[in-house]
Amino acid sequence: MIFHANPGVIDLGINIDHVATLRNARGTVYPDPIEAALQAEEAGADLITLHLREDRRHIRDADVRALRPQLATRMNLECAITQEMLDIACEIRPQDVCLVPERREEVTTEGGLDVAGRFGQVSSACKQLAAAGIRVSLFIDADADQIAAAAACGAPVIELHTGRYADAHTPDELAIEFRRVADGVDAGIRHGLVVNAGHGLHYTNVQPIAALAGIKELNIGHAVVAHAVFVGWQNAVREMKAIMVAARLGTRYPAAGKPA
């Protein structure tokens with residue numbers, strides 16, 4: 001099988017949040033989101049995205065601090081607009097910070113940031129991050145007013161929320177939501193913004209979004225983590241069995257993954 005990983009065509013940001021979710025579910029130190037990030041880079045990821053939520057439900061402060069100096073690509077840190085999060089971002093200095101809305105009761109980010117309604121707060125956050133040498137992105141709905149507000153508050157990048165497209169239940173609804181995203185891309189470019197997109201994208205719905213020439217980067221996480229369960233599962237089972245058999249026979253099974 002041939003994988004096309006042409007650099008510069010469209011960037012893939014791998015979100016490692018749900019590797020941390022799996023780790024935290026049992027209170028273990030594995031799977032290690034740092035290792036997941038580094039392996040994603042080896043596999044062709046153009047950047048690593050992670051969301052430090054206020055409740056630390058998946059990614060933890062220590063993850064962000066440990067990962068930042070190890071990345072060969074870019075870190076895209078997602079966070080809410082709180083002074084605590086802005087100060088952490090300015091301390092760690094990822095290449096990119098994507099400001100997102102956040103509610104503790106939500107399972108995942110449910111919508112875009114209301115830049116127009118919170119203009120002063122968003123603008124102030126953009127200035128603080130920019131002063132620390134961090135490129136700022138705003139996670140917003142594909143709405144003309146929000147896109148205009150994002151440009152006005154000084155953010156050079158927007159990430160369009162594709163959740164409504166991903167959750168569409170009928171062909172007509174899908175077409176409407178796709179057009180909304182496509183129009184949002186065009187509007188962002190007219191305002192001189194770099195346009196990224198993400199949320200809810202997976203292996204069978206990403207193609208139309210990725211085909212939009214104006215999109216620079218897609219950030220995808222849960223779908224990749226979920227798919228890895230299946231495409232890597234048989235190898236994981238075989239290796240565990242081989243380790244067990246080797247231990248029973250008193251032979252050595254090297255960490256490289258092949259029996260001695």
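Every residue, even glycine, has its Cβ placed from backbone N, Cα and C.
The active site, proton acceptor feature in Swiss-Prot is assigned to H51 (among others).
Around E78 (active site, proton acceptor), taking its Cβ as the centre, 27 other Cβ atoms fall within 10 Å, counting all chains. DSSP assigns E78 (active site, proton acceptor) to a strand. Sequence annotations record features per position, and here Swiss-Prot assigns active site, proton acceptor to E78 (among others).
Residues annotated as active site, proton donor in Swiss-Prot, with sequence analysis given as evidence: H199. There are 26 other CB atoms within 10 A of the CB of H199 (active site, proton donor), with all protein chains counted.
Among the features that Swiss-Prot reports, 3-amino-2-oxopropyl phosphate binding site is placed at N15, R26, G200, G221, H222. The C-beta environment of G221 (3-amino-2-oxopropyl phosphate binding site), restricted to residues of the same chain at least 6 apart in sequence and closer than 8 Å, consists of I14, N15, I16, D17, H18, T49.
The 1-deoxy-D-xylulose 5-phosphate binding site annotation in Swiss-Prot covers D17, H18, R53, H58, T108 and rests on sequence analysis. In the three-state DSSP scheme, D17 (1-deoxy-D-xylulose 5-phosphate binding site) is classed as helix.
Under DSSP, E159 (site 'Transition state stabilizer') is assigned to a strand (E or B) in the three-state scheme. According to Swiss-Prot, the feature site 'Transition state stabilizer' maps to E159, an assignment based on sequence analysis.
Counting other Cβ atoms within 10 Å of each Cβ, the binding-site residues H18, H58, H222 show the lowest value at H222. When Cβ neighbours within 10 Å are tallied across all protein chains shown, the highest count among the recorded positions D17, E159 belongs to E159. Separating the Cα atoms of H222 (3-amino-2-oxopropyl phosphate binding site) and E159 (site 'Transition state stabilizer') is a whole-number distance of 17 Å.
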